[in-house]
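Here is what TrEMBL says about this protein:
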{"type": "DOMAIN", "residues": "48-100", "note": "domain 'Pre-mRNA processing factor 4 (PRP4)-like'"}
{"type": "REPEAT", "residues": "142-191", "note": "repeat 'WD'"}
{"type": "REPEAT", "residues": "192-233", "note": "repeat 'WD'"}
{"type": "REPEAT", "residues": "234-275", "note": "repeat 'WD'"}
{"type": "REPEAT", "residues": "276-317", "note": "repeat 'WD'"}
{"type": "REPEAT", "residues": "318-350", "note": "repeat 'WD'"}
{"type": "REPEAT", "residues": "361-395", "note": "repeat 'WD'"}
Amino acid sequence: MKAAMEAGNINISSGEVFDLEDHMSERQAEVLAEFERRKRARQINVSTDDCEVKACLRALGEPITLFGEGPAERRERLRNILSVVGTDALKKTRKDDDRSKKSKEEYQQTWYHEGPRSLKTASRSGLCKLWSVPDCNLVHTLRGHSTNVGAIVFHPKATVSLDKKDVSLASCAADGSVKLWNLESDEPVADIEGHSMRVARVMWHPSGRFLGTTCYDHSWRLWDLEAQEEILHQEGHSKGVYDIAFHTDGSLAGTGGLDAFGRVWDLRTGRCIMFLEGHLKEIYGINFSPNGYHVATGSGDNTCKVWDLRQRKCIYTIPAHQNLVTGVRFEPNHGNFLLTGAYDNTAKIWTHPGWSPLKTLAGHEGKVMGLDISLDGQLIATCSYDRTFKLWTAE
């Protein structure tokens with residue numbers, strides 16, 4: 001030992017003792033904090049009900065869905081958020097929301113519901129109009145299109161969190177034009193250029209950032225309005241694409257074509273993941289159920305078909321009407337019923353599940369060209385070739 005020490009092979013400490021904690025690097029502190037956060041996250045119980053997860057995210061002021069995010073990823077995101085802010089913050093936010101909601105309900109009474117308290121209509125004259133709900137008074141006349149307007153749709157957050165100067169509406173027309181509107185002006189604030197043929201439908205992505213359009217050139221497109229660019233140009237239908245809908249979590253899009261086929265697309269890859277084959281004539285309407293796995297299509301063969309994404313097949317065919325079906329809509333909150341409209345001058349309500357006829361909405365003197373359901377499921381709107389629209393209560 002002595003020889004080794006003299007040779008310098010063994011060095012004896014001078015006796016100084018260093019406090020490891022005092023010399024811990026910032027990086028080590030960050031790693032330790034992240035370890036503790038993950039440990040807390042593992043101990044937090046998060047509901048497996050996707051609707052409850054979205055409600056919690058909304059209560060915390062977080063986006064209820066991100067582009068391409070599924071239920072599992074959403075649950076993990078909520079868990080990570082709660083591991084930082086704590087469950088007490090969520091409880092406090094829920095109490096504040098309940099108190100605010102109760103106050104609004106007492107003031108608004110029967111007619112209060114989240115989302116736009118307006119109804120929009122489009123016509124072959126090129127005019128679009130906004131009406132107040134429930135008294136149906138004309139609020140705005142939107143002038144910008146010079147030909148038949150195929151559709152006009154509200155932004156998901158219109159009148160909820162958007163300012164009147166923000167883009168709140170999108171419309172499309174037979175001349176290939178797509179226009180964006182706010183709630184302050186009677187003229188369009190922007191145009192989306194790219195289509196050279198008739199644009200049949202427009203639909204907002206649940207995030208509100210993206211807009212889908214369908215065209216008679218056999219394709220549909222997805223536009224990023226923040227980046228102001230086209231991010232998807234999808235072909236696949238052999239004839240014009242008529243209608244488009246988005247899955248509630250924003251990961252999928254469904255299209256219905258004049259080739260009698262429907263397609264379900266994965267927006268993350270741009271690939272068709274399910275082929276909806278079974279209708280004998282054109283598909284004019286498509287819609288996703290809030291349950292996440294049912295898709296409904298309406299066709300010129302007078303039927304409505306319900307498809308199951310899990311089983312990848314049609315599970316029920318509803319002999320819905322005596323003429324071609326122009327549109328289909330699930331009740332937006334829980335999918336408690338399915339609404340269809342047709343050229344037989346009627347709209348019909350069907351139970352979900354079960355698909356039994358619940359109510360026939362008769363009163364129009366012409367073809368039912370369009371339909372919609374309020375976000376709270378209490379009001380139904382239909383428009384007709386007889387130049388009228390009607391507002392129906394869920395009762």
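Placement of Cβ uses the backbone N, Cα and C atoms for every residue, glycine included.
For the repeat 'WD' (276-317), the list of distant contacts is 50-51, 71, 239, 242-249, 252, 254-264, 323-335, 338, 340, 342, 350, 352, 355: same-chain residues at least six beyond its ends, Cβ to Cβ under 8 Å. Here the repeat 'WD' (361-395) has a mean pLDDT of 91 out of 100.
For the repeat 'WD' (276-317), the DSSP-based tally of helix, strand and coil residues reads 0 helix, 23 strand, 19 coil. Assigned with DSSP, the residues of the repeat 'WD' (142-191) fall into helix, strand and coil as follows: 0 helix, 18 strand, 32 coil.
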